[in-house]
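Pulled from TrEMBL:
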- 8-30: domain 'Proteasome alpha-type subunits' (DOMAIN)
- 267-276: compositional bias 'Basic and acidic residues' (COMPBIAS)
- 267-299: region 'Disordered' (REGION)
- 277-286: compositional bias 'Acidic residues' (COMPBIAS)
- 287-299: compositional bias 'Basic and acidic residues' (COMPBIAS)
Amino acid sequence: MTSIGTGYDLTNSVFSPDGRNFQVEYAVKAVENGGTSIGIRCKDGVVLACEKVITSKLLKAGANKRIATIDRHMGAVSSGLVPDGRHFTSRAREEAASWRKVYKSPITTADLAGRMGGYMQAYTLYSSVRPFGVTAIVAGWDSELELPVDGQVGSGPSIGSGGKAKDKKYGGPGLYMIEPSGIYWGYYGAATGKGRQTAKAEMEKLNLAEGKMSLLDGVKEAAKIIYVAHADNKDKEFELEMTWISNLEGPTKGRHQEVPKELLEDAEKLAKKALDGDDDDEEETKDENKPAEADKMEE
């Protein structure tokens, strides 16, 4: 089948003969053209970071935030169309507030991801709307003291009326990525946007699934990853934005906050130093290869 829509991309509610929804695929393209956003799940918290490309010298530094607070214990960052991202944030806040009103407890990261995934998927079903042009990464620190609920009014905890199950731990760090189709997955490290492939490759080196990385190390690694991912687009200046959520004993006391300016600046310095070191190593390798190439030509 052809990769061109040939009429099947004129509406959002029609599949092509080979089972594709072209409008959703076009929305994914919009995400791929956006700035890089990442999330790193650590043993004692979660870090969110994004690359904000500076499109004008008249923009005020530190303004135009891309990472938003959804609830006190939760934040989100998105890549793609900025207005769509802001609508996503607004709806997510409504869902979090509604959950508190009904269940008298903060919404968990997984439950918010499920609700927002369903909301975004609804925008792929009707011809009167278009899909969201964003992929969002949602991070939070879920309470380890309260029981989870299954999302149905009056049904109580999802583990039953017997209370906590033996030897089962609840709460802790949560990290989910929600795509334009509405699908969502839980991650140890998530990346989206233009530099997602580079960012994913860097995160795979960290062995995040082992759960040994501290939140402070996560901040340093997040800064490094954003700088490495931006290297392919180095002709454009950018601003690094970063937030974090720690456990109740950590620096944020379970709340979603911006990384302190001093800590962020230190992380950026380390990232630039590491990036310059990699460039020097590449130049040395090239210089070492030149004599060998010259010897081959003489032969």
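Glycine is treated like the rest: Cβ placed from N, Cα and C.
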Averaged pLDDT, computed only over the residues in the domain 'Proteasome alpha-type subunits' (8-30): 90
Residues of the compositional bias 'Basic and acidic residues' (267-276) by DSSP state, where helix covers H, G and I: 10 helix, 0 strand, 0 coil
Helix-strand-coil residue split for the domain 'Proteasome alpha-type subunits' (8-30), DSSP-based: 9 helix, 0 strand, 14 coil
